[in-house]
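**Student:** The following block contains the structure, expressed as structure tokens.
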């Protein structure tokens, strides 16, 4: 039992995999690099690594302090999980168990649950024996350790297990019953550091205690902190991101249904007018968009996309008449996947569009310089081109695989099932399962609805009434800005705008990266309604949007509720609660950290009140929003979806790297060495190598040995009187 535990490295990936091997769910370990910064999110406990020799030297200076803070009461000590470390090299497992078994919001699994129930009320020494005699813990512990080298018998006498144990040591800092405790298995009693302040978290006090300990051990030298390491036991971020994505995707569906319900309630006569055309137009649009899962009709596409062909800083010149629904399908410009569809038509002559190469050549963009792209953009050529995503084509085979995955994810993301049964006036097309917002009559109704509500919008628009058709076409020329959301090839809903509120997931490094355009759902709707480069792409306009201002801060923490009259409100308000209710949090499927996650929701609501986002004149309640406000909210939701999907992928990739590093760490290279030596022997090279190494060792060993052996006999000979007579 005393020689079966191996020494573990201080690595967050190793501790994360060790926690999983214990059977614990929803927990991971992260490394803390800065003690000055406040910890973000809930923390279960800290694991502190230090050099035991330095700690023993500094402990003599503060012996009275340790005695004063030690908890001697047996009832208090036995009520918590504090175990003496009786097995050498088991301090890593002791530190993890001291954090996990003293936390009530963690799914411990069967192994640790039995351990906690069995050792309840035991003394620290008995708990230490229970840990040392648990084969499941020892097996999981040793599975992540480096294989120990096989020492020669004469060299093993100089090494002791106690000396190896004292090299580096792990201790835990855990909050228990409102007080900060330091649990060190090599000390007789736990250390009570007292309660933390009312206006601070327990992590703030723990950071101060650790900084004082580091300064005491290093005698105030700030550049010796490399001998210490700090890790935090936190909830699994994958569970959090998956829960947020579940809520965000549900809210995206709710916002899309709100757009549909807005048409059904406010414009029922237009639904009857276009009811006969709804069954005919999808058949006409098949040649233009053969493989596109959300192809728009050719008649309405040029009406909005050709309206905006300016540089983004000038007003729209000329008229943009709204074409009828019987336009030939050869004018279709909105095709999501150019490789799967062919543009066999010629651009209409009245529009000032410069002729380009064919689509299959022009979109490939073999060797076009950035200067040529800017010139084309200034000339208005880029506005008429087929909208494709950046880096659509590449010479790398992995990019093609990512493209196919993105198309599959996009087609699956825009298909959803309606909550209620289809009404007679419903616009949803049940045959193909597409979003009814993208149907032709819905687009016409949203366009007319927007034209009626333009005077109430605070966003400056450039409106030009055409003399031919008599209906105004809206176009807002702005520069397309890159998204502050992280760029990721796996996100099928990456939006062109950022979040409406400060998301904790964004970093300056991610914000500097360019991203792909918005998702097909919002991009097609915004192109038809507001032009290809509408003002919704601007982050400042999104920030002052009414729907985003009201629902943005809670869009990722609580589900939205759509009433029958079109009122959109947070689900917690309909239940009569404040902010997001615990039932909403539990529906996200987060395990082990429900109370901590609820605390985050309260913090989001409080920060919203402090920042002045809540208007004092109007209470936070359900309201009706215009189509443009709903589209802005939809872009906000999709930006958050892209953000969380990127972060989720990062966590998944991080786990893969943890496993790869663990395999490299624990791999036994003895078989490879034996095979290599046998191959050298077969080639006749082993004998020469052995002779060379033996000769070198003899020279070094003999010279050093003679020096030590000659000194002692010389001293003894000089002390004898008969030797002096001979001289």
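Using N, Cα and C of the backbone, Cβ positions are placed for all residues, glycine too.
Just so it is clear, the model here is predicted, and its values are computed rather than measured.
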**Student:** Between 46-50, 51-55, 56-60, 61-65, I'd like to know which one Swiss-Prot lists as motif 'Arg-finger motif'.
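**Tutor:** Feature motif 'Arg-finger motif' in Swiss-Prot: residues 56-60.
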**Student:** Swiss-Prot tags one of 279, 394, 518 as phosphoserine; which one?
**Tutor:** 394
**Student:** So one of 292, 503, 507 should carry the feature phosphoserine according to Swiss-Prot; which one?
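**Tutor:** Among 292, 503, 507, the one Swiss-Prot marks as phosphoserine is 292.
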**Student:** Run through the Cβ atoms and count how many others sit within 10 Å of the one on residue 169 (active site, proton donor).
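**Tutor:** Within a 10 Å radius of the Cβ of residue 169 (active site, proton donor) lie 22 other Cβ atoms.
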**Student:** Rounded to the nearest Å, what's the C-alpha distance separating residue 91 (active site, nucleophile) and residue 169 (active site, proton donor)? Just drop the number here, would you?
**Tutor:** 6
**Student:** Let's see if you can do this one: DSSP helix, strand and coil counts over the region 'Interaction with YY1' (640-684), in that order.
**Tutor:** 40 helix, 0 strand, 5 coil
**Student:** Counting across all protein chains shown, how many other Cβ atoms sit within 10 Å of the Cβ of residue 91 (active site, nucleophile)?
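**Tutor:** Its Cβ shell of radius 10 Å holds 25 other Cβ atoms.
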**Student:** Taking just the CA atoms, what is the gap between residue 184 (site 'Important for enzyme activity') and residue 169 (active site, proton donor) in Å?
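**Tutor:** Residue 169 (active site, proton donor) has its Cα 9 Å from the Cα of residue 184 (site 'Important for enzyme activity').
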**Student:** If you average pLDDT over the motif 'HBM-like motif' (363-366), what do you get?
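**Tutor:** Averaged over the motif 'HBM-like motif' (363-366), per-residue pLDDT gives 44.
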